[in-house]
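K.L.:
Submitted below is the structure of interest, expressed as structure tokens.
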Amino acid sequence: MNNDTKTAIQSIEWRDDHVRILDQTYLPGREVYSDIRDVGRMWEAIKKLRIRGAPAIGIAAAYGFYLGIKELSENSFQSFFIEVERVAEYLESARPTAVNLHWALHRLKTTIKAHKDKDISELKEIVLKTAKTIHDEDKRTCKKIGENGVNLITEGDRILTHCNTGSLATGQYGTALSVIFHAHEKNKDIRVWVDETRPLLQGSRLTAWELMNAEIPMTLITDSTAGSLMRRGEVDKVIVGSDHVAANGDVANKIGTYPLAVLAKENKIPFYVAVPFSTIDMELQEGDNIPIEVREEDEITRFNDSEVAPKKAEAYNPAFDITPHRYVTAFITEKGLIEPPFDEHFKTLVK
Ligand SMILES: CSC[C@H]1O[C@H](OP(=O)(O)O)[C@H](O)[C@@H]1O
């Protein structure tokens with residue numbers, strides 16, 4: 001797929017000495033770019049979903065980690081590494097579910113330890129270089145996910161997707177949306193049902209924006225419409241992303257994914273999860289052990305500064321749910337399609 005403007009959206013990029021993000025809280029109405037020069041601003045950007053989506057969060061955390069250590073003045077490795085751990089812990093506190101944030105920080109700390117004989121200024125440059133590598137790797141991975149998934153798509157497919165898994169959520173192309181971009185590129189005449197994805201509307205605000213930019217036919221629906229479309233035979237495939245996959249194939253993804261998976265199975269519709277292989281956490285045996293982020297109640301009770309519920313109404317706002325692996329038809333990864341039994345097949349693919 002060529003790197004044309006339709007998929008060349010950069011949600012995040014390193015600019016000389018700082019990070020520039022496309023602040024997704026302003027989309028689709030305004031394209032607002034912010035320059036982030038310190039780890040505190042990056043923590044806030046991740047927490048407030050100015051930059052969001054599991055892979056993009058990992059990339060943002062990697063750059064944020066460099067911003068957090070570049071001014072450290074420790075002159076011994078031991079005291080430097082104590083501060084490094086503190087910066088990593090701070091960034092990890094921004095959002096708990098996306099495994100990419102955690103493995104990116106783990107990779108950077110491991111890299112520092114592997115070069116402990118170097119002087120501190122060299123270590124800092126190695127961290128920046130590694131952050132850029134994580135970013136570039138993600139672009140290649142997401143392109144490959146699209147290439148590996150496109151043959152699942154048949155002429156005229158009506159594909160339902162949830163939340164936003166496009167270039168905005170990754171280094172570029174996306175995961176589930178990468179499959180859709182690639183299928184469109186191959187003129188497969190697809191149409192996309194876009195779940196609005198309450199409460200923060202990543203579907204209506206972000207996925208609709210990306211698909212319309214790419215001139216891919218789409219129809220926006222409320223989350224509660226998906227089931228009846230499936231029952232009426234108007235959905236051919238469901239493709240979603242994921243923030244964390246357990247070693248048995250259980251999937252953590254945006255809240256509302258589990259009911260889609262159950263409805264897909266009930267209506268005999270293939271349900272695919274498109275992820276970088278690094279999202280699969282072989283250290284965590286099953287989905288119920290994945291930490292689920294619970295966000296502020298006012299994301300449900302208010303929207304655009306207006307009340308959509310009575311004052312003081314109690315609300316419960318989990319950002320993710322768990323889909324048991326029995327509802328997943330296959331995973332689409334940069335290593336290829338992975339079918340059940342997932343635990344066994346994951347083990348054969350781990351490096
Ligand atoms: C390509 S991963 C996208 C993944 O992240 C989203 O969560 P959030 O918008 O809260 O960062 C959602 O779970 C998507 O599937």
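A Cβ is built for glycine as well, from the same backbone N, Cα and C atoms used for every other residue.
Bear in mind that TrEMBL entries carry predicted annotations, made automatically and left uncurated.
Note that the coordinates shown come from a computational prediction; the quantities given were computed from them, not determined experimentally.
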K.L.:
Per TrEMBL, which one of Arg95, Arg107, Arg158, Arg302 shares the substrate site with Arg52, Gly53, Ala54, Gln202, Asn253, Lys254?
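P.N.:
For the substrate site that includes Arg52, Gly53, Ala54, Gln202, Asn253, Lys254, TrEMBL also lists Arg95.
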K.L.:
Ligand 1: which of the recorded positions Arg95, Gln202, Asp243 have a Cβ closer than 6 angstroms to it?
P.N.:
Gln202, Asp243
K.L.:
Between the Cα atoms of Gln202 (substrate binding site) and Cys163 (site 'Transition state stabilizer'), find the distance and write it as a whole number of Å.
P.N.:
5
K.L.:
Can you tell which of Ala54, Cys163 has the least company, meaning the fewest other C-beta atoms within 10 angstroms of its C-beta, among these recorded positions?
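P.N.:
Per-residue Cβ counts within 10 Å for the recorded positions Ala54, Cys163 bottom out at Ala54.
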K.L.:
Return the residues near Asn253 (substrate binding site), defined as same-chain residues 6+ apart in sequence whose C-beta is under 8 angstroms from its C-beta, sorted by sequence, else 'none'.
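P.N.:
Sequence-distant Cβ neighbours: His162, Cys163, Val240, Gly241, Ser242, Asp243, Val273, Phe320, Asp321, Thr323.
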K.L.:
Listed substrate-binding residues Arg52, Gly53, Ala54, Arg95, Gln202, Asn253, Lys254 - what's their greatest C-alpha to C-alpha distance in Å?
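P.N.:
Farthest Cα pair among residues binding substrate: 17 Å.
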K.L.:
What three-state class does DSSP give Lys254 (substrate binding site)?
P.N.:
strand
